Structure formats: C-alpha cells, structure tokens
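Student: Take a look at this one; I'll ask things after.
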C-alpha cells in the first residue's frame, strides 16, 4: 500500500523547502491551483454525501408507511451495505496511516477531547447492548423473518466497535496522504451515521405511535388500522408471546436514545476529521492548553448541589409521569401528571435562564482575551448548538400559536404557554453563555506569570532578609545589569507573588458553578423526553388545533433535534467548565 500520490508529497516537500531556497523562478500559481484542487476534492466528497443521504432518507421515510411498497428490510439492506463499506474503508485507513510515516504530520489538539471520546464510548456500550437485545428479539422467531433482520444488528455491532476504535485513535489526525479517498471515506462514514440515526428515530417514532394507539383501541381495531395505512414492522406480524421475547423487545426500544446520540456524536467527530484533511497547523498560533479536570477543587459546591437536586427531582417527576400518563387512562391523573411536568420544567428553565444571564454578565468583567484562532471543533460546536436549537424553537412557536388561538383556556394551557416561552428564552440565553465561554482563552496555569514574577519565583527558598540584603546601595560595586534587575525585587513583592497563585479569581469560581449547574440541568432535560416524557403527544390543545396527522409529524421531525441539543450542550458546558 502506497503512502499517497507523488504530487501531494512533492508539493508538500516544495512547500517545506521553499523558505530556505533561493530559486526565484518558482511559479506563483502553484499554491492557488493546490487550493482550488483542495476545494474540488471537498466538493466531490460533499456531493457523494448528499446523494447517499437523500437516498437513505427516501428509503427510511418510505419504509414508515404501509401503502408504499418499501419494507423495513429494504432499509436494513441499504444500511448494512453502507456499514460494511465503511468498515472496509476504516481498516484501509488505519493500515495506510500506520505504514506511512508521513501520513500524519500534525494533530489538532482541539479535536476529539477526552470528554467527547469518553461520551462516545459510553453511548457505544449501550448501543452494543441494544444490538444484543435486537439479535435476541429477532432470533425468537427467525423462521418468519427475513435474514437481513438478524444480519443488520450483527453488522451494526461490528460497525460500532470498529468506528469507536477508529475515532478514539484518529480523531485528532490531520491526514496528508490519499486526500481525496480520505475525504470521500469520511463523508461516507458521516452519511452512514446519519442514515442509522434517521432509521432509529423513525423506528422509535413508529413504535411510540403504535404503543399510544394500541393503548386507546382494542386489539382488533389496532390490527385493522395497521392494515389500513400505518406501517408495522415485520416482527409485529410474528408471535412474541414468551417473556424473554417481550424483555428483548422492550429493552432495545428503551436503549434507542443512546444509539441515536452515538450516531450524532460520531457524525460530529467525523466532520471535524474531514475538515482537518490536508490541514497544516501553525504551532506558534495553535496553542495547546493542557487543562486538568478538577471537579471538586476550587468550587463552592453550590452549582453541583443545586444541579443534583434538579436531577433527582426530574427523575422523580419522570417516573410519576410515566406511571400516571402511560399506565392510567383516567383524565384526572393525566391532568395531574401534565401539571406536575410543566411546573417542574418552568422552575428548572427559569433558574437556568437567570443563571445564564448572570454568567453572561460575569463575562463582561472577564479580562481574558478572545480566542480568534482557527478551530474547526469550536466552529462545529457553535453551528450544532444554533442549528439543533431550531427544533425546540419550532415546537415552542407552534405551541404558542395553538394555545393563543384556541378556546377555552384552562390552567394546563397557561402552564404550557409559560413552558413554551421559557423554553425559547432558555435556549437563547444558554447559547449566548456557551458560545461566549467557548471563545474565551483558557486561564493561564498557576506557575505561568510575567517575567518579573518568574524572577521572584526563583527566590522561593531564599531567606526574605537575604533578599533585602541583596538590594544594593548607590555605592555598590555590582554591575549595572545586576543592580537594575535586583533593585526591583523587594520582600513585599516576593510575599505578594508567592501568595497570589493560591487565590482563584471570583469570576472563574462563579463561572464554574454556573457551568456545572447548567450541565446537570441539561442532563435531566435530555433524559425526560428521550425516555418517554413527551407532553406534546399527551396535551390535547395542539392535537385539536393542528390535527392528528400534522402535529405528530411536526413533533417527530423537530423533537430529535431538541433532544440532541441537550446532550451537545452537556458536552459544550463541560468544556466551558474546564476552560473557566
């Protein structure tokens, strides 16, 4: 296996030798043509990704309806082929970069931070458990299913293992060999993850729609509705009467949120790798900050305690909501559950909005400089925060229009309106706080100070009186340079410089408390809709206003983006916490 195209290596060598050579006849158009071809290679890989994404989206959306002659095993066949191709390409990439010493000339220190890779591994573990449940579920009645239904989770498990290892070891790579093949391979990987995400979201939405419909109608009417127009998976037509089969079925549907987040996390990391293909990093301007994650040091514990209170309270509200709404058909218990859910979220969102405003005010007094260096990871973080928030914005505005235009208005409608308005405000204020925190320079280490303080630190173990004796009089015979340097050293300055690093700026402390509180609050706001607490389907105001077909479609399209926003905000807030 070669180490890349010769013209790439020649251009790289010429760019490195050029500053030391004295050949004036080098054509000036070479860098411009190289930049044009770089954009051309990116454009080709983008076109490949767009066509594959449209094909996958067409099949996935068509497979969700009964009247369209596209079945779920057709979708699984396409995804299986795409994952197998990605697995082969990843093996090719790992072997090619390991055998070529000049494949990776530099690494992006901002790409693939340890907390992002750790989260990826956590979601990968739950995704593997989900695949095991899927294999067990489909194996319970393999005689009446297509073989692809069992092959798909097996291939997906292998894909998750291979891709997780690939992103763990190669997330920071700036590749300089096989540039066009690498760009196309990374875009294929990104498209495959997005296709798996679309399939999981669609499967989960259809399953929840079936569960809600089956709870409200009889079994005979449910079978008739499935034949009339709603898509049922081929497994629905088989008998799943055993207890172990039901455990497998319910288990893998409960694990879908982790697989959905895994696909999105992997897509974000792959995109950063694609941006870094062929990139040269200037180490003089690309500062590497080795920050230590100190969770229980230099903190008042206020943010952690309040965040844990919100987290535990939210888990209790989620359990009660699931029991009263999904297990009891009584309207009174459903109304109580919705009231409890809205009150908790109104209090939580109100606190988060106030905290974000306070953090933004504190940033106005922060003396740290803004980080204006090129950073694809930070650019992607900001784009994902702004883009994913649009999903929740859309749901909130649809709810506001429905509540204001509907009559009569009751207490639940007033709570729902307040909830929608606070959701918009909280997303806006949190985005401002997080984006400003991501663009701040990290604090300097305690041992890094000005040149004058460094001279003082050299005298740490010197007696204070001895230092005062070293200050020369006017008639000293010391050299001028030594005298000028020692005249600025006084015992009071030395004591002040030795005690200063032990104190932490109050602004940094408050920012860390705010970041930790927001982090824990976003975790519970991710858990609640991801695991079934979705009042958009249980509140009749929007359903009656928009209809039983339009409103579920709006929620099914926008809610996955809102759920992803929460988890991505957790990762961004963790970075803000460490940078504070």
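Each position is counted from 1, following the chain as shown.
Cβ coordinates come from backbone N, Cα and C, glycine included.
These numbers come from a predicted model, not from an experiment.
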Student: Of the ranges 219-240, 417-438, 439-460, which one does TrEMBL list as transmembrane segment?
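Tutor: The range carrying the transmembrane segment annotation in TrEMBL is 417-438.
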Student: In TrEMBL, which of the ranges 488-509, 510-531 has the transmembrane segment annotation?
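Tutor: It is 510-531 that TrEMBL annotates as transmembrane segment.
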Student: Between the candidate ranges 15-34, 75-94, where does TrEMBL place the transmembrane segment annotation?
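Tutor: The listed stretch tagged transmembrane segment in TrEMBL is 75-94.
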Student: Which bits of the chain, at least 6 residues beyond where the transmembrane segment (43-63) starts or stops, bring a Cβ under 8 A of a Cβ in it?
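Tutor: Hits for the transmembrane segment (43-63): 70-72, 74-75, 78-79, 82, 180, 183-184, 186-188, 190-191, 194-195, 198-199, 202, 231, 274.
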Student: Looking only at residues six or more beyond either end of the transmembrane segment (181-200), which have a C-beta under 8 A from one in the stretch?
Tutor: 41-42, 44-46, 48-49, 52-53, 56-57, 60, 75, 78-79, 82-83, 85-86, 89-90, 92-93, 156, 159, 163, 175, 256, 259-260, 263-264, 266-267, 270-271, 273-274, 277, 560
Student: Near the transmembrane segment (75-94), which residues from the same chain, at least 6 beyond its ends, have a CB less than 8 A from one of its CBs?
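Tutor: Sequence-remote neighbours of the transmembrane segment (75-94) are 1, 52, 55-56, 59-60, 63, 148-149, 151-152, 155-156, 158-159, 162-163, 166, 169-170, 182, 185, 188-189, 191-192, 195-196, 199.
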Student: At an 8 Å Cβ cut-off, counting only pairs 6 or more apart in sequence, do the transmembrane segment (341-363) and the transmembrane segment (114-138) clear the bar of 3 or more pairs?
Tutor: no
Student: Three or more CB pairs closer than 8 Å, sequence separation of 6 or more: does that hold for the transmembrane segment (150-169) against the transmembrane segment (114-138)?
Tutor: yes
